[in-house]
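Student: What follows is a structure written as structure tokens; I'll ask about it next.
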Amino acid sequence: MVADAYGRPLKDLRIAVTPECNLDCFFCHMEGATESGPMRPGSWSPVLSVEDYDIIGEAASRLGVDSFKLTGGEPLIRGDVDKIVAVLARYGEVSMTTNGILLPLKASSLKRAGLARVNVSLHSISEEVYEKITRRRAVKLALKGVEAALKAGLRVKVNMVLLRGLNEGEFWRLLRLAEDLGFDLQVIEVHPAGRGRKVLSSFRRPIDVVEERLSSMAVAVETGRLHNRRVYRLPSGVRVYLVDPVENPVFCMGCYRVRLTWDGRLLPCIYWKGPYPSVAEALKRGGSREEKVWRVMKILLEANALRRPTYLFRLHDGQEPQAPSTGRGLRLTLPGKAKAERLAYSTLKAPLIEG
């Protein structure tokens, strides 16, 4: 296993397999790879093949990576996505983030290929609000996707990005649906990446709008394996994950991932602005499979060496998070006198859970 200069291990590879999407969400972060929106289906040709992903999976696993998340765009648009799942499943757990629209057609085959779980982006269950967010009237299709995934035996977590003035009141409706159908719920603040950078000030809604009531309902508070997410387990058994990345050093403390774009570049962070170590270039050079695996390992190590937390605690008082301009005078440890509410429950004491 390898770790970065701040002691954070590299355990997860987040892979965008396509920039295409059948929706057009106005806040899409596009995995940090571009500030423009997704491409239309049929307008892009794959850069990396199934064999390439097999080599990437083996190289990553040799370095200690044991988890792969497939994203896009919309990963289900890619026709060979089940084959990509199958090769990566040889090396670790494979999960996927999807809008769910195509899950009724593909959930069963993905389960057979080795997919363990899905995150379904469902920011509203109102047809009108869903269309305002995604620019398509497709909420019924997305809901059918959730049901298809559950029927196929996949673990399901629904992602809801809180948007001020649009869907704040819908969280509790989604929670009731989660309890009825048996999926978990993840509430996310808008990321200042991709399109989200331009709309952050207008639409960001801190998740404390739901957290206070959640905390009074919960039977247990846990910590997610990735990003130190706060997780509230409710009496029904449903877990609600909270994702609040903005100006949150605790979130950065729990980052164990590198991102692979659809064109074969590696991003040490969703907010990264370059340089971009290229897996695609390493694979183009040919050679035996073993030679390719070693070259990809080298590129992954280069990306790991570039990993830096976006937000850290200031050394002199240990209380106020800031984005560093240099690595001097900063630390990535919980401060002794932290007063931020997000630290009050103690990340270090809450039970650690997968997912």
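Using the three backbone atoms N, Cα and C, a Cβ is placed for every residue, glycine included.
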Student: For the GTP site that Swiss-Prot assigns to ARG14, LYS69, LYS157, ARG257, VAL258, ARG259, which of the candidates THR97, THR98, THR223 is also assigned?
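Tutor: For the GTP site that includes ARG14, LYS69, LYS157, ARG257, VAL258, ARG259, Swiss-Prot also lists THR97.
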Student: What is the total of other Cβ atoms whose distance to the Cβ of LYS157 (GTP binding site) is within 10 Å?
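Tutor: Excluding its own Cβ, the number within 10 Å is 19.
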Student: Relative to the Cα of CYS28 ([4Fe-4S] cluster 1 binding site), which of the binding-site residues LYS69, THR97, LYS157, CYS255, CYS269 has the closest Cα?
Tutor: THR97
Student: Which value does the mean pLDDT take for the domain 'Radical SAM core' (5-233) in this predicted structure?
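Tutor: 94, rounded to a whole number.
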Student: Taking only the binding-site residues LYS157, CYS252, CYS255, VAL258, CYS269, which one has a CA atom nearest to the CA atom of CYS21 ([4Fe-4S] cluster 1 binding site)?
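Tutor: So, of the listed binding-site residues, the one sitting closest to CYS21 ([4Fe-4S] cluster 1 binding site) is LYS157.
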Student: Can you list the residues of the same chain, besides CYS252, CYS255, CYS269, whose Cβ falls within 8 Å of the [4Fe-4S] cluster 2 site's Cβ centroid?
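Tutor: Once CYS252, CYS255, CYS269 are set aside, the remaining close residues are ARG8, HIS227, PHE251, ILE270, ARG307, ARG308, PRO309, THR310.
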